[in-house]
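Take a look at the structure set out below.
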Amino acid sequence: MNIKISEITKELELVGEGGFFGVKDKYGTDEREGVKKLLFKYENRYEKLNAERARVRFLQEYELSYPDYRYICGIDEVGRGPLAGPVIACAVILPKDCEILYINDSKQLSEKKREALYDEIMEKAISVGIGSASHARIEEINILQATYEAMRGAINKLGVVPELLLNDAVTIPKVVIPQVPIIKGDAKSISIAAASIVAKVTRDRLMVEYDTVFPGYGFASNKGYGSADHIKALKELGPSPIHRASFIKNLTSC
C-alpha cells in the first residue's frame with residue numbers, strides 16, 4: 001500500500017534540507033504524479049536557497065578580503081534627493097561569518113522585506129550607528145556636506161571603533177579610519193547593503209511620523225520625494241517646516 005502524499009510531506013518537513021535527498025531516494029521510484037510534483041517542489045526550493053546562499057557569499061567578499069580586520073563597517077545614506085526631511089546615514093558592523101539571506105540594496109527590496117531584514121540586521125550586527133542631518137542643516141551647508149556630516153555621526157554612534165570603512169561610492173572627509181569607496185557598494189557588500197536597509201527603514205518611519213504632524217503632503221507614501229501629488233500639495237499648501245527651501249525654489253514662490 002502506497003504511503004499517503006500528506007505523510008511524505010510531513011516527512012519532508014521533519015527532515016528539512018539536510019535530509020531531503022534521503023527522502024528523495026526513498027520515494028524517487030514512486031510513479032504517482034503527486035509524489036513527483038512534491039519532490040520537485042522541495043528540490044527546487046532547496047536549489048533556490050543554495051543559490052541565494054551563494055549570492056550572499058559573493059556579497060561577503062569585500063569583508064572577507066581583509067582578514068586582518070575584525071571590525072569592518074559598511075556605510076550608506078538615504079535622503080539626498082527628497083524635497084523634505086533629513087538625510088539619514090547608517091554605519092553597520094557585521095560578524096565576518098554573518099549570513100543574512102535576501103539582503104540587497106534597499107532600493108531593490110519591497111517595504112515588507114526591508115522591515116524584516118531590518119529586524120534581522122539589528123539582531124545580528126555587532127554594532128549599528130545612525131546619523132542624520134536635518135533639512136535646516138542641509139540648507140546651511142549643502143546636501144553633500146550634510147551627507148558627510150550624517151555619515152560621521154553614524155560612525156561616532158557605533159559601540160565599537162571600526163578598523164575599516166566600506167563606503168557606498170564616497171570618501172568621507174575628516175575621518176581618520178581607512179576607507180574603501182565602492183561604486184554601487186550597496187549591491188556588492190553585505191555591510192553596505194545592511195547600512196542601506198537600516199538607513200532607509202529609519203528614514204521612512206520618520207517620514208510616516210512627519211505625515212501626522214504635517215498632513216496634506218503625503219509624506220507617509222512619498223517619503224518627501226517629489227511625486228506628482230507631493231508637488232501639487234506643495235503648490236496648494238506652500239512649504240511645510242521640514243521642506244528644503246533650495247530644493248523647492250522652482251516649485252513655489254514661498
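Here, residue 1 is simply the first one shown, and the rest follow in order.
From the backbone N, Cα and C atoms, a Cβ is placed for every residue, glycine too.
Database features (Swiss-Prot):
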type: BINDING; residues: Asp76, Glu77, Asp168; note: divalent metal cation binding site
type: DOMAIN; residues: 70-254; note: domain 'RNase H type-2'
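Projection of Swiss-Prot feature records onto the structure.
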residue : record                             : Cβ within 10 Å
Asp76   : divalent metal cation binding site : 31
Glu77   : divalent metal cation binding site : 26
Asp168  : divalent metal cation binding site : 25
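For the domain 'RNase H type-2' (70-254), the model's average pLDDT works out to 96.
For the divalent metal cation site, the Cβ centre of Asp76, Glu77, Asp168 serves as reference, and the other residues of the chain with Cβ at most 8 Å from it are Ile75, Val78, Ala89, Cys90, Met151, Asn167, Ala169, Val170, Gly185, Asp186, Ile192, Ala195, Ser196, Ala199.
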